[in-house]
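All remarks here apply to the structure that follows.
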Amino acid sequence: MARTIKIFDTTLRDGEQTPGVNLNLQEKLEIAKQLVRLGVDVIEGGFAIASPGDFESIMTLSRNLKGVTIASLCRSVEKDIDRAWEAVQYAESPRIHTFIATSDIHMKYKLKMTEEEVLERAVSMVKRAKGYCSNVEFSAEDASRTREEFLYRVVEAVIKAGATTVNIPDTVGYSTPLEFGRLIRNIRNNVPNIDKADISVHCHNDLGLAVANSLAAVENGAVQVECTINGLGERAGNAALEEIIMGINTRKDYYDITHRIDTTQIYRASRLVSSLTGVNVQPNKAIVGANAFAHESGIHQHGVLSEKTTYEIMTPESVGMGTNRMVLGKLSGRHAFEDRLKEMGYSLSDEEVKTAFAKFKDLADKKKVVTDKDIEALVDENIAVPEIFVIDSFQINSGNKMISTSTVSVRKDEEIITEAATGDGPVDAAFNAVERATGVNAELVHYRIKAVTEGKDALGEVTVKISNNNSIFMGKGVSTDIIEASVKAYLNAINRSISEIGESIISQ
């Protein structure tokens, strides 16, 4: 009989630690809703004590999501565990996830604790967590570099103290598949009470082995896999959820394992996370990359045309990457538009639908065909970013033998503010004018433009990242006019920075 594994998604916690990623509350909620549709078993919403924002997002997920376990990470420290419980207590299925490092190098240089002190701390904090919550996960940080006999003792002791899941992380992506699989097997064989808890794994990708190590662990008895959408995470990232799941699905003959994931929701989850984090998916990324199902070689093309399975071991449709459906145009009504949004996985408020529909009608006047990708770009552009400043109008004068100038008018409440500026090209001039009009000085650290669809009337999507007050803020803008898309993106990022930091950053 096939074993069933659990998928623990940490996109909103470990994934958000990707450099330059800073999700707000509404964006986290949108991603979490998609993760529920995807069918993950556990969502780690954040690190409750790390910041008020993390605490609020975990509590919001706990109050709003059903059919999924909500977890908060916490150190093996009393105040951390107390705060984690405050955040997850309203969840239908709450989990406290506590950790402490167990490797010699971490104990000596980071914790400055002995093995016995670490063991005692781990046990006492699991007991404290268990006093709040029946579902407690314990992680032995840097387990793959921990002395195995000590690791067995820690795992046995925390299970006895009440841990229902024990996580074995490859924290620095140091292990190899054979080695990591053997470690999981050794834990099963050397921890007497291991049958009273689920074995979980959390693999990092520093050597490009996170997915391979995770699958090796599953093969050797791991019950839960911790992963992120698109493999997001600090340094080289985490094991990619989509690669683990499709590896298991494609090789059912080998793994004989089941799970709850609806694979047709994978591509939508990947695009949503990419859009809201501003982290592009590489074209040759397995499963969800733009080239994942592309065939350029003549021999390969001939084979696929004759019989798809000659070169395709899975179908685009199996991960929700079907052909674009060209179903809406300028004569489409709001009802049809709203139905299409629901089919695409969006759950928007009436006001958000109204705003998105207005943008859709405006785009439909400029484009012959509006595709699903266009709609995604329109909706994702302004998810949950308060419009403190709104573009009223802009004008550009630019050429190869003149200084580029821009005049931008923005609206704040009922006031229209107009400013002009010069710059090195039309985009720079427009950004300088936006800064003068808003009174916010920022440093542009990233600018990217891409065509959402094909053709001369394609929608252009601009992503910018600005640095303000030692934080990075992302903005997105879409338009058939790339200058307008750029202005929208820059203003979007400025609005986000004001929302996060406060209006004190606006110079008078």
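Note: Cβ is positioned from N, Cα and C throughout, glycine not excepted.
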Of N186, N220, N230, N238, which does Swiss-Prot put in the Mn(2+) site with D14, H202, H204?
N238
Just give the helix, strand and coil counts over the region 'Regulatory domain' (390-508), going by DSSP.
36 helix, 57 strand, 26 coil
Let me know how many other Cβ atoms fall within 10 Å of the Cβ of H204 (Mn(2+) binding site).
25
All-chain count of other Cβ atoms within 10 Å of D14 (Mn(2+) binding site):
23
Excluding D14, H202, H204, N238 themselves, which residues in that chain have a Cβ inside 8 Å of the centre of the Cβ atoms defining the Mn(2+) site?
T10, P169, T171, C203, N205, A210, E226, C227, T228, G233, G237, A239
With Cβ-Cβ distance below 8 Å and at least 6 positions apart along the chain, what are the contacts of N238 (Mn(2+) binding site)? List them in sequence order.
T10, D14, G15, H202, C203, H204, N205, A210, E226, C227, T228, G231, L232
